[in-house]
Amino acid sequence: MVQVNENYLKLKAGYLFPEIAKRVKIYSQSNKSAEIIKLGIGDVTEPLPRACIDAMSKALDDMGTAEGFRGYGPEQGYSWLREKISEHDFISRGCQILPEEIFVSDGSKCDSSNILDILGKDNSIAVTDPVYPVYVDSNVMTGRTGDALENGTYQGLTYLAINEGNNFLPELPQKKVDILYLCFPNNPTGATITKEELKKWVDYALQNKSLILFDAAYEAFIQDNDIPHSIYEIEGAKDCAIEFRSFSKNAGFTGVRCAFTVIPKNLKGLSSTNEEIDLWPLWNRRQSTKFNGVSYVVQRGAEAVYSLEGKKEVRGLIDFYMENAKIMKNKLQTAGYKVYGGDNAPYIWIKVPDQMTSWNFFDFLLQNVSVVGTPGSGFGLSGEGYFRLSAFNSRSNVLDAMERIINI
C-alpha cells in the first residue's frame, strides 16, 4: 500500500476557515430561517471593475479568431502585464523592480507556500503570532517543523508575538533566523508598519543573511502616506526580500485568480557546500516545471487595473470597503469594544469580552445574532482573546451586522 506524507498528520484538527464553515453549516441546518451575515473569511463581495470586465471580454473575442488566439502563455506572465506592474506598483514608488523580476501567478496564497520548493528544509523559520495560517501549515506539510504541541504551536518554529503590548509589531528575533514571514498591512490584526520599523527588519536580514518573505496583499488599502506599500521602499531590501502581491482584494479577483511574486535578481542563497546560488533562476525553473501560467484572458483583465478607468474603479472599491471598516470600528468602539485595525487595512481586530475565549465569542455571535467572524485563536496562540471581522461585504450587511452586535 502506498505511503502517505505523514507531515499532514501533524496538522491541527482543521484549517481555520473549514472549521468555521462546519460550525456555520451545523447552525444553519438547525436554524433554517436565520439570516446569517458572514464577516469571517476575507472574500470580496462587490462586482469586478468594468474596465477589467471589458478587457477580459475583448480578450475572449480575440481568442475566437485565428489571429488573436492564444494557447500556453509564458509561465512567468506576459511581458505587457509585467511591464505595467513594474511601472505602476514599483517604479512609481522609487522601487527599481524590473519586469523580469515579476512572476505572474494564480494567487499569493499559492506562491507563499510554493516558494518553499526552492528553499532548503534545514532553514530556521520565524512567523508572527497571530499569523495567516497558510505560512505555518505549508511549513508543516513540507516537513520543516516538529510535532504540534498542546498549545497549538509547532516545534521548530520561532513565534514572534504581536499584541496590544507591542502595538501589534513583532520584536526582532533574539537569535539568528533564516526565513522571516512578515505581512503588512497585517492579516489578521490590521496593523501597519512604518518605514523606520521595516528598516529594522531589512537591516536584521542583511546582517544575518536571512530571507524575508513579505506579504503585501493588502497594500492597496493603505490610507496614510507615510506607510510603505512595498518592502522595496527600504534600502537593501532587494538583497534580502521576496514580495507577494495579489489582485484579489484590490480589484476583486478572488474568483478570477491573478497575483504576482517579486524575486529580485540580487537574491542569493547557499548550497550545502556554501556556494552562493541565485534564487531567481531556481524560481524560474520551478514555475516553468510546475506551473502553466495564468490565462491570457485573466492577465488582460489584470492589465486593465492599471488603465486610467481601472485605477479609478479600483480606488472606488477600496474606498467602499474602507468605509465599511470605518463604520464597523466606530460602532463597535461606541458600544464599548476595544478595537484595532481598520484604518489602513480591511480587517477589524476586536478584544473579546472578559471571561470569553475567541471561540466562545464566535459561538456567542453565531447563536445569538447570526453573525460570523473569525476567532483570533485560529491565527495562533497570541490571537486568543481577539476576534477578526472583515470589511469585505455589502454596506447593508455591515450596517445590519453592527446593529445586531451592539444590541445583544
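The backbone N, Cα and C atoms fix where each Cβ goes, glycine too.
Binding of pyridoxal 5'-phosphate is annotated in Swiss-Prot for Y72, S108, K109, Y132, N187, Y218, S246, F247, S248, N292; the matching candidate from R257, R285, R286, R300 at the same site is R257. For K249 (N6-(pyridoxal phosphate)lysine), the nearest of the binding-site residues by C-alpha distance turns out to be N187; the candidates were Y72, Y132, N187, R388. The number of other CB atoms found within 10 A of the CB of K109 (substrate binding site), across every protein chain shown, is 19. For the binding-site residues listed here (N187, S246, S248, N292), the lowest count of other CB atoms within 10 A around the CB belongs to N292. In this structure the alpha carbons, written CA, of N292 (substrate binding site) and S246 (pyridoxal 5'-phosphate binding site) are 18 Å apart.
Within the same chain, residues at least six positions away from G42 (substrate binding site) with a Cβ under 8 Å of its Cβ are N187, K249, P346, Y347, S390, F392.
Residue environment of K249 (N6-(pyridoxal phosphate)lysine) contains 24 other Cβ atoms, counted within 10 Å of its Cβ in all protein chains.
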